[in-house]
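Taken from TrEMBL, the feature active site, proton acceptor applies to B:2. Annotation comment: TrEMBL describes B:2-60 as domain '4-oxalocrotonate tautomerase-like'.
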């Protein structure tokens, strides 16, 4: 532990994902005083039609505001 | 809050997904007396080989029953 | 399917939880054209110190604003 | 119940997934004394760049060690 | 990997939980040909009022059928 | 987005949880170039009998090694 699930709007580059894994692992090490190898992170890409806020998907909102 | 994760058998149209986001958000607003913009919904498409009931995937069951 | 995980700030009554389960199930039935008995809902109570927005827990924010 | 979410490094064959669903369902039946049809399993394929251990993705680690 | 989240109706003994962890780990080892130490399992106790099927919580259903 | 679920072995103080929320939010802001208020974090305390590695719960392992 800790085990982290991170849901992201899809489209991030592998470099951004690598930076996120590194930064978040270091944040856990500092805050929880754990070893880096105990920190496991799962990233989950979410398509814009699969993420809804206030009753509307991000996709529909972007199309409406385009 | 609330934050909802909804796992669905893959294959739903964007229209069905939009309707689901709208209907479920409204349901949360009515039942919990919260504002729509506080309701976040993540949809997760599950392939038929990735969903198992009674020890068998939906895919294998459909092939068996075809 | 569908299977829903709903994270809620803790403190809701059993009546509110019952209403939420009923309303959200009906919403899924309407939007996805599925039978009610296929809809499974797991509610997850989240303590105010365990939910963070903008780098601060809800608990800390409420104390700050009290 | 029980409902199981299983995160896997992507690349497993449908046969392996079918065996996993069968074996894990049987394990739940033995350990919890429940009927197989009450056991639901969702498999989640995780790409190597989306799984991090010790601050680095599995992808980056494999490239480094290649 | 694999990482498993298992949602259970609350009330299982520690012995049942220990048996579940052992059995499910062995099932993963057989089906996926992985080492036991790579298998991580998180159990999540769900109260009967927090699990809904067909629009009703398990708690309400049990009270109705009592 | 992003939305993070962080499973922790139970026992952390509110101060450690507050530090974790702050540090992880800042890590997401740096790595993903997002605003802090878009980052939501849910912490999940896991009892030692509910977390298994290599077929054994953390609780059983600690008792064995005591």
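Glycine residues also receive a Cβ, built from the backbone N, Cα and C atoms like all the rest.
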Worksheet entry | For the residue listed as 'active site, proton acceptor', the three-state class that DSSP assigns | coil
Worksheet item: Over the domain '4-oxalocrotonate tautomerase-like' (B:2-60), what does the predicted model average in pLDDT?
Response: 97
Worksheet, complete the sentence: For residue B:2 (active site, proton acceptor), the number of neighbouring Cβ atoms whose distance to its own Cβ is within 10 Å equals 23
